[in-house]
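Copied from TrEMBL, the annotated features are:
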type	residues	note
BINDING	Asn88, Tyr91, Glu92, Cys146, Ser181, Asn229, Arg234, Ser245, Ala246, Lys247	Mo-molybdopterin binding site
DOMAIN	108-263	domain 'Oxidoreductase molybdopterin-binding'
Amino acid sequence: MKTPSLNLIPTSEITPQAVFEARRDWLRRMASGAAGAALASWAGREALAQGQTQGPGKLPKLAGAKSAVPGAMTLDKPSTYQDASSYNNFYEFGTDKADPARAAGTLRPRPWSVAVEGEVGKPGTFDLDSLLKLSPMEERIYRLRCVEGWSMVIPWVGYSLAELIKKVEPTSKAKFIEFISLADKAQMPGVRSGVLDWPYVEGLRIDEAMHPLTLLTFGMYGEVLPNQNGAPVRLVVPWKYGFKSAKSIVKIRFVEKQPTSSWTKAAQQEYGFYSNVNPHVDHPRWSQATERRIGEDGLFTKKRPTLMFNGYEAQVASLYAGMDLKRNF
Ligand SMILES: Nc1nc2c(c(=O)[nH]1)N[C@H]1C(S)=C(S)[C@@H](COP(=O)(O)O)O[C@H]1N2
Ligand SMILES: [Mo]
């Protein structure tokens with residue numbers, strides 16, 4: 001099998017169509033090579049959708065794409081690839097929504113590895129290829145709801161983080177997991193600024209991390225992640241505000257004590273540890289009752305009501321039984 005030659009050419013120097021073709025080709029080669037078993041179901045779905053899949057910038061048709069996880073799909077119309085890859089939060093590349101798409105071409109998503117350490121029986125470093133092969137890929141159409149009040153619907157590709165967690169055998173002391181993003185000034189111009197305490201750190205309770213909806217994510221719209229969306233591997237935790245979904249992860253640390261995230265460090269009263277999407281708990285400076293769906297903007301477009309747990313209440317509410325979600329915001 002040939003080594004995937006992903007992103008050898010800077011994205012800025014080739015047309016989006018060429019990028020798309022290169023990624024499609026990469027996927028095809030992955031599916032037929034050593035990683036075939038791992039990617040078979042992903043490629044199968046891609047084949048199912050063939051003839052309907054449109055390139056970046058077009059609405060993908062996802063008929064036939066099903067996730068094995070109950071409740072993982074939303075019936076909402078997916079956002080366009082163009083919106084999902086050009087309106088981003090990735091402070092390592094600047095604080096403006098347009099910055100990541102413009103600046104993230106300097107991120108090198110290969111070679112890449114993720115260190116797993118702390119309270120586990122089998123710590124170690126996983127290179128990207130071994131992570132890709134760890135479990136079959138699934139497509140999951142999740143809403144992503146930002147704390148700032150906008151949302152998108154994105155067909156992500158990955159597998160439940162639980163698959164990796166089981167492999168490394170957490171000890172009885174592993175109560176929380178910390179997710180640490182790359183912080184490399186050479187690749188990420190925003191890391192030179194003091195806007196956040198780098199590296200970007202997020203955390204989940206172990207049962208939240210083990211929940212089947214929590215997706216270790218490698219792709220979107222049937223392709224590998226574009227740099228600005230957190231290449232080559234990120235988290236997507238669909239019932240929490242977007243910032244809980246750490247991008248470009250290099251370290252996963254199992255710990256006994258609740259970690260402090262970069263956002264909590266930046267403003268403790270505004271960003272709590274749980275950060276579950278909750279229309280009844282306002283951000284100190286704005287309401288969280290409604291949201292603006294990116295791509296539906298217009299002067300007279302009505303905002304959408306924000307749903308409890310971002311619409312995943314049936315799947316995740318039991319994780320918080322008996323907890324005061326106003327206090328544990
Ligand atoms: N490393 C890192 N991860 C991050 C962020 C960031 O700035 N740095 N922003 C978060 C926020 S606030 C949101 S809303 C989502 C945005 O993901 P998207 O750009 O793929 O929509 O990524 C999250 N993950
Ligand atoms: Mo966000």
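A Cβ is built for glycine as well, from the same backbone N, Cα and C atoms used for every other residue.
Taken residue by residue with DSSP, Arg234 (Mo-molybdopterin binding site) is part of a strand. Remark: Ser181 (Mo-molybdopterin binding site) has Glu92, Pro199, Tyr200, Val201, Ala246, Lys247, Ser248, Ile249, Val250 as non-local neighbours, by Cβ distance under 8 Å and separation of at least 6 in sequence.
Under the DSSP three-state reduction, Asn88 (Mo-molybdopterin binding site) is assigned to coil, being neither helix nor strand. The secondary structure of Ser181 (Mo-molybdopterin binding site), as reduced to three states from DSSP, is extended strand. Taking all protein chains in view, 29 other C-beta atoms sit within 10 angstroms of the C-beta of Glu92 (Mo-molybdopterin binding site).
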